[in-house]
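Undergrad: Take this structure, written in structure tokens, and hold onto it; I'll ask about it next.
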Amino acid sequence: EAAQSAGLASLSVLAILIYVIQGFAGYPLTSIVLKKEGKRKLQEYRAGTWQPVHEQEGQETGAEPDVPKLFEKVPKRYHTDYSRILRLALVATLAYYVSVWTAPFVTISPFVLCLCFGVIATSLGFLEKQPLQKANSFGFAILGLMLFVFDGLKQATPEMLMDLFLPMIGIIVIGVIG
């Protein structure tokens, strides 16, 4: 978005292309590395030199509390997916309006404020950790985010894609090496 507003649409398209194409190199490498690590851990487990965390003594196996601190006295039946989404929406709305109210003095992205307000709300006990996963809404949120990200491709032309091909491959190769 910043690249587009600065008139550098090709940089915006390059960032989106790298995001999309990096999986072609990243997923196979991840699979290879995880397979090697899995074999190594299995050998250690069979040799008796490694013990999984859930089997170690002295470890608390209790699940993380499902209810935020501020809502512990509220009956469990009221802690639904909808209440989690409502609390998340309230925090996001507050962050957005703070961004709008501070706009005459300082420009702060509403997305940055949403992140900060989310951290604060979680530490105060208004939100639980990973509320989208617990509300079974993470996939829906990612879908919306991807629509927002891929919106930047509407300025891409075939010529621009061809011009960006070599830099994109170079960046991905450097990323794989590094």
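Every residue, even glycine, has its Cβ placed from backbone N, Cα and C.
Below, the features straight out of TrEMBL:
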- 6-34: transmembrane segment (TRANSMEM)
- 85-102: transmembrane segment (TRANSMEM)
- 108-126: transmembrane segment (TRANSMEM)
- 138-154: transmembrane segment (TRANSMEM)
- 160-177: transmembrane segment (TRANSMEM)
Undergrad: Go through the chain and flag residues at least 6 beyond the ends of the transmembrane segment (108-126) whose CB is under 8 A from any CB in it; none is fine as an answer.
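TA: For the transmembrane segment (108-126), the sequence-distant neighbours (Cβ-Cβ under 8 Å, at least 6 residues beyond its ends) are 68-71, 87-88, 91-92, 94-96, 98-100, 102.
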Undergrad: Take the transmembrane segment (85-102) and find every residue of the same chain, 6 or more past its ends, with a Cβ under 8 Å from one of its Cβ atoms.
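TA: That would be 68, 108-110, 113-114, 116-118, 121, 126-127, 131-132, 135, 137.
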